[in-house]
């Protein structure tokens, strides 16, 4: 299916925080309670609509183990968005966020949108990290924040789509160079610039209407 833009995402965070389950819930709308550990990198994709435009999200789900960290780093540079995930029932996964964030910012483009996600909100009785702590971390580091549940699908859709909206706004503001695919954005056949001052605004107009995802 044709699209106006393709956005590349990377999902990062400790092992067992629910990264693969979040991806599966978003792409397939199902929860798989027993999930094999990700070895290296897994992939998913889905079409969404923003501002009447078809956007394809290409999502790379990374392994949380230290042994695969070098592989994960190689995917940072080509990402427009990152979902940084911790488990609200495991304090250590929250404590490791600073390391993940430093890694992401060191190896990615400076404009990458980062969404902080506190996953497993359905397990509130086992919560070790208060929501206010997640909000404070996000404020301190300039991140978007949301709590989700891959099991119940709570806020999963919103987390992926709101990240895309942030990226789209940066495109409209001219922050992203959309001609440089290293920024994690690819122009599709539907691309029809609404702002003539945007980089790459000379592209041909695509179809205004298309099928739903």
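Just so it is clear, glycine is given a Cβ too, placed from its N, Cα and C backbone atoms.
The shown structure was predicted, so the numbers you read here are calculated from the model rather than taken from an experiment.
Taken straight from Swiss-Prot:
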| type | residues | note |
| --- | --- | --- |
| BINDING | 15, 16, 18, 19, 20, 21, 32, 33, 35, 38, 64, 119, 122, 150 | GTP binding site |
| BINDING | 20, 38 | Mg(2+) binding site |
| LIPID | 212 | S-geranylgeranyl cysteine |
| LIPID | 213 | S-geranylgeranyl cysteine |
| REGION | 190-213 | region 'Disordered' |
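Overlay of Swiss-Prot annotations on the structure.
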residue: 18; record: GTP binding site; contacts (Cβ under 8 Å, 6+ apart): 85, 87, 119, 120, 150
residue: 32; record: GTP binding site; contacts (Cβ under 8 Å, 6+ apart): 21, 24
residue: 122; record: GTP binding site; contacts (Cβ under 8 Å, 6+ apart): 149, 151, 152, 154
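Note on the binding-site residues 15, 20: the fewest other CB atoms within 10 A surround the CB of 15.
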